[in-house]
Each structure stands twice: as C-alpha cells, then as structure tokens.
Amino acid sequence: MALKCVPVPFCPQKPLVEIPDLGSYRGRIVLDLRSSKLKCFALDYASTQRAFVLVEDEKPGAKTSLTGKIDGDGSTVSRAFHKDLNLLPKPLSITNLSPYPANGSNVRIAYQGNPGAYGEDAALKAYPDCETVPCDQFEAAFNAVELWLVDKAVLPIENSVGGSIHRNYDLLLRHRLHIVREVQLVVNHCLLALPGVTMQEVKCVFSHPQALAQCEMALTNLGIIRVSADDSAGAALMVALRGKKDMGAIASARAAALYGLDILKEKIQDEDDNVTRYLVLAREPIIPRTDRVYKTSIVFTLEEGPGMLFKALAVFSLRDINLSKIESRPQKGRPLRVVDGSNRGSAMYFDYLFYIDFEASMAELRAQNALEHLLEYAGFLRVLGSYPMDIVV
C-alpha cells in the first residue's frame, strides 16, 4: 500500500522540502507486517472465552441492577452486569490486521486503551456518533489509520499536570499522518471498587502511571498501595474480573459504568484543574481556513551557529504570531553533533528536533512568510498539521 504525501498550501519563493539525511527519519515508510510490534484491533467473538455469565437476560427496556453482594470469604463478588464484558471490543494487536465490519457511515476512531479509557472520552467529545476502536499501544493506533482499518486516531500529546507525552511526539515524526483537530478533555479521576466495598476496605489501586502520579497525595493520605497498569480502563476491567474487595482502580466514570464498579470518590486527583490535550490524526490533511482560530504544528532542525534558536523563534515574533507550545527531542538517528570552533578541540552537542505549535492558519500569508523565513535557518522542516483550535473545555 502506497502512502501519499499531500502538501499543505504554502507559497514560499523556494520550495519547502524535507532533507532526506535525518538518520532514521527517511522520506519513505516501510511497513513490515510480520513485525510483532505492529498492533491493531480485531474482533473475534468465536475464539473469546467468556469470563462472566449473565444471571438474568437483558431485555429491551428492562432495568438491571449494578449492585451485588460479597461472598462469605470476602474475596469474590457475584452480581448481574448490565453488559457481558466479553462483548466489549478487545485491544487489537498488530499481529491481526483484519478490519472491522463496516458500520454505515460512522467515523471509526482509534484510541489507546480499553473501552472506557479517557482516549475514548476524547474521541466521543470530538465525534459524538463515531465508532470507537480500542488499541493496546499508541503505535497500534497510528498503524490502524495508515492501514485503513480506521478513519482517524485520537491520541494524547500533553497534560496540564504530567506534561508532554514524549512517545507520541516521536511517533508523529515516524509516521506520515496529519493533525486535523485537537481536543481538550477535562480529566476526572475516580476511585472505583466492587459494589458494596467501602473505601476503608481498599488496600491497593491499579491505574496508568500518570493517573497514579496525579493522585499521589490523595492515595498517600488514604494509605493505599499503588500498582501500575497499562491504562486506567484496563485497571478497572482487571478489578471487575478478579472480584477482590481489597482492590480498586483509578479510572473514569464511564469505566465504572461499563465494568459494573462503584465510584467511591470522584475527582481524587491532587489538582482540580487537570486537562489533557489530544490530537486527532488522519491520512489526509484538512484545507486550512481563516474563518476561525487555527493552530499549526511543525517540526524542524536547525543548522549550527550562535543564536540559531533565537533567530528561528524570531520569525514568528516579527509577524505577531503567538507560540503556544515548544518541545525539543534529541534526534535518535543522529543524536550528536561535533563542532570544532576553538583551539581547545572538538565539542559534541545533542542534535535536536524542535516541535512548535503556533496560533495561525497556513491559509494566512503571515504564516507562510514565517515558514519561508524559518527555512533560512532550518535544515529540515515539516508541517504536521494546520487545524482548528479547541476552545471549549
């Protein structure tokens, strides 16, 4: 399958090109479908073993209780779930690339994690009627879009408490997807446990490492042991499957409803203002416009010389373009730069990639002129996307 690069409207005097010699960042992408690292999702209900058996049939219009009781030994719980957990989508792995059956005209959005993850909340905020497709790793979501298994992917890029998600910055450069939208999602961490369990009975909680770090003070005050999991919704699923009343999870309210758990406490995070910024990625870029507020994301490298970063940032200041984000990452293919500019011998420095978000559309002449000016200092420049800003949290 060939991947096509579609240029973002841009009109400099000299062509905007990518320098091919960037170590591992080549001008083409080779997908090895035999790699065990490539992971997506596929539904295979025939091979799925049931871990739960419904104790009462679910009928249209019938109400099913989410409550249950703890067995005499206090270790397991039996209750009626409003859903069979095995009917939820299972995280795909790239060893199985079978596409999902078509479902009308719904947009199919990939996200990382199990059903009920915050990534799924972000996907539903951006596309309320979409069909969400869980992936077990970030790279699996990228590959699912490239292999036409889904239409778009929604992945986190930074959090107001935890900072940048560096893995996804690296994947943005490795893959040829385009940013077409951003989503600001307010995070509400909830302490979940089996029905009937009190907060005092919970001795350990499972969740994603970032979620645990964002609730560190609250969990310390409660004297609860923290155990890392791949994602928050997966932790909630594990608590429901194991059925032990001394186990809890930090996850979303949607995860509690999906897996039949009680919410012992909402907003257990240390900081009330907890927002995660997600990027929506697609195979083709959108056409930038000027009828609303836009943001543009780029990545570039700089030539050697004094004050080069200052000069690069000045091209935006000279045109009254606000920078909302700057991130630097070492080049993995060529991490060191050797400079011999003194009698003391050669000096070695890290060679960096710079990621910048600026508040302007590529349809604006000032943005085009800024990037043309930046090319005077940049050895490599790539526009990752020009997309509408999410101003509703």
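Positions of Cβ are set from backbone N, Cα and C atoms, glycine also.
All annotation found in TrEMBL is predicted automatically rather than curated by experts.
Feature list (source: TrEMBL):
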{"type": "DOMAIN", "residues": "108-283", "note": "domain 'Prephenate dehydratase'"}
{"type": "DOMAIN", "residues": "297-388", "note": "domain 'ACT'"}
The domain 'ACT' (297-388), counted residue by residue under DSSP: helix, strand, coil: 20 helix, 40 strand, 32 coil
The domain 'Prephenate dehydratase' (108-283) [mean pLDDT, rounded to integer]: 94
